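Trainee: Quick one: the structure is below, and I'll ask about it shortly.
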Amino acid sequence: MKFYIKTFGCQMNVNDSEKMAGILQTLGYTPTENWEEADVILVNTCSVREKPDQKVLSALGEFKKVKKHNPNAVIGVCGCLAQRAGYEIYQKAPFIDIVFGTTNIHHLPNLLEEAKSGNKAIEILEEIDENENLLDQFPTVRENKYTAFVTVIRGCDKKCTYCIVPTTRGRERSRRIGDILREVQYLVEDGVKEIHLIGQNVTAYGKDFGDVKFWELLKAVAEVDGVERIRFTTGHPRDLDEDTIKVMADLPQICEALHLPIQAGSDRILQAMDRGYTQKEYLQKIELLKKYIPNIALSTDIIVGFPGETYEDYLETVKVIKEVEYDQVFAFKYSPRPGTPAADLPMTESPEELSKRLNDLINLQKDITFKKNLEYQDKIVEILVEEINQENKLVGRTRTNKLVYAEGSPEYLGKLVNVKIEKVNRFSLEGSIIGGD
């Protein structure tokens, strides 16, 4: 029996899908890259913007075809969209067999058994399942052998007016350090070199416990023998403190890269979003980061066209981009999410104007990214070789999260090696291996 999982959305969803794959393998299923031959198809959904919603329904329409030659195939929908609108999805696609949300993934074996018995298995919990940590006991099935996501906190207590995540993922719930370290140890023994700590608001880790802080978790993970690199995503600017930044600077395992979403540069819009900081306060965090970690590579998220945004507000965002000089910016037009406070606010600019602002912003960032990449020309950088591509190039990332294609021997796969950068592109670097461990 075979399974296929289609994943939309963030790293948390990717990690959830890895856990689902682990559950299915435990049940005797094997993965397939061809959904047409799958006995179980799961669609792990995202609800952060409208476009992923549409993609999910399109994918389901395609997957429906599997039932023609395999009537007993099970099709399931899970994740954030399922948590928010699972019953609506089922009404639109009644051929679905399973629907479940974000906190009861560990119920998948029971739901699958119910569906295989010929029943519809729909379980969307209004409250967080008190046994959701049982999910962490299952192995992950990863595409990447040498890097791994580790969920350290679930949910978000922030109430940003545009965001559906607190509704779909619930309040913040941290995992105990001991549980996290056991998972990290298992991953290292499985060959993982780089640990990527993730959460909807990873820098809030431990606040619900009151007896442990995020920087203490970073130190503990760094002490696990065999952990060569540590990254973490995504933090909220309000929860990033100087103690954490100092630990980032002090621990050699922590990579010099950080994703710190600003969302908008205008204080008026930031207040309307209920982000809890001003432009000045955000830039003070950036200043601290650059003070302690001068070579840090920064990335951010930006929403263009939040209700009420004027051109002057937009220019404040442009000003921040120019001042910070991010290595990467993930920018999107505002997408109203049903059930959020901002969804009731009227749009004040035309779609054409918002598209122009977004395109101008993206083009500005492309130039900044290329300028930042040019600094790597003829430099020697460390990469973790993660794979070999179809052109027989080694593929890896620098500590600053730059994608590198390198000439070198396959023996370097899974190793930290030095690469001399010989060519700089807008979104990647190219070079040759000059040594390895």
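Including glycine, each Cβ sits where the backbone N, Cα and C put it.
Keep in mind it's a predicted model, so treat the numbers as computed, not measured.
According to Swiss-Prot, the protein has these features:
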type: DOMAIN; residues: 1-117; note: domain 'MTTase N-terminal'
type: BINDING; residues: Cys10, Cys46, Cys80; note: [4Fe-4S] cluster 1 binding site
type: DOMAIN; residues: 142-371; note: domain 'Radical SAM core'
type: BINDING; residues: Cys156, Cys160, Cys163; note: [4Fe-4S] cluster 2 binding site
type: DOMAIN; residues: 374-435; note: domain 'TRAM'
Trainee: Could you tell me which of these binding-site residues, Cys10, Cys46, Cys156, Cys163, has the fewest other Cβ atoms within 10 Å of its Cβ?
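Mentor: Counting other Cβ atoms within 10 Å of each of the binding-site residues Cys10, Cys46, Cys156, Cys163 gives the minimum at Cys10.
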Trainee: Note the Cβ centroid of Cys10, Cys46, Cys80, the recorded [4Fe-4S] cluster 1 site, then list each other residue of that chain whose Cβ lies within 8 Å of it, in sequence.
Mentor: Phe8, Gly9, Met12, Asn13, Thr45, Ser47, Val48, Pro52, Gly79, Leu81, Val165, Thr168
Trainee: Quick one: among the binding-site residues Cys80, Cys160, which has the most Cβ atoms sitting within 10 Å of its own Cβ?
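Mentor: When each Cβ's neighbours within 10 Å are tallied, Cys80 leads.
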Trainee: Just the number: how many Å between the Cα atoms of Cys163 ([4Fe-4S] cluster 2 binding site) and Cys80 ([4Fe-4S] cluster 1 binding site)?
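Mentor: Rounded to a whole number, the Cα-Cα distance is 12 Å.
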Trainee: For the [4Fe-4S] cluster 2 site given as Cys156, Cys160, Cys163, which other residues of the same chain have their Cβ within 8 Å of the site's Cβ centre?
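Mentor: The answer, listed by sequence position, is Lys158, Lys159, Tyr162, Ile164, Val165, Pro166, Gln200.
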Trainee: Could you please provide the mean pLDDT value for the domain 'MTTase N-terminal' (1-117)?
Mentor: 93
Trainee: In whole Å, how far does the CA atom of Cys10 ([4Fe-4S] cluster 1 binding site) lie from that of Cys160 ([4Fe-4S] cluster 2 binding site)?
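Mentor: Taking the Cα atoms only, Cys10 ([4Fe-4S] cluster 1 binding site) lies 18 Å from Cys160 ([4Fe-4S] cluster 2 binding site).
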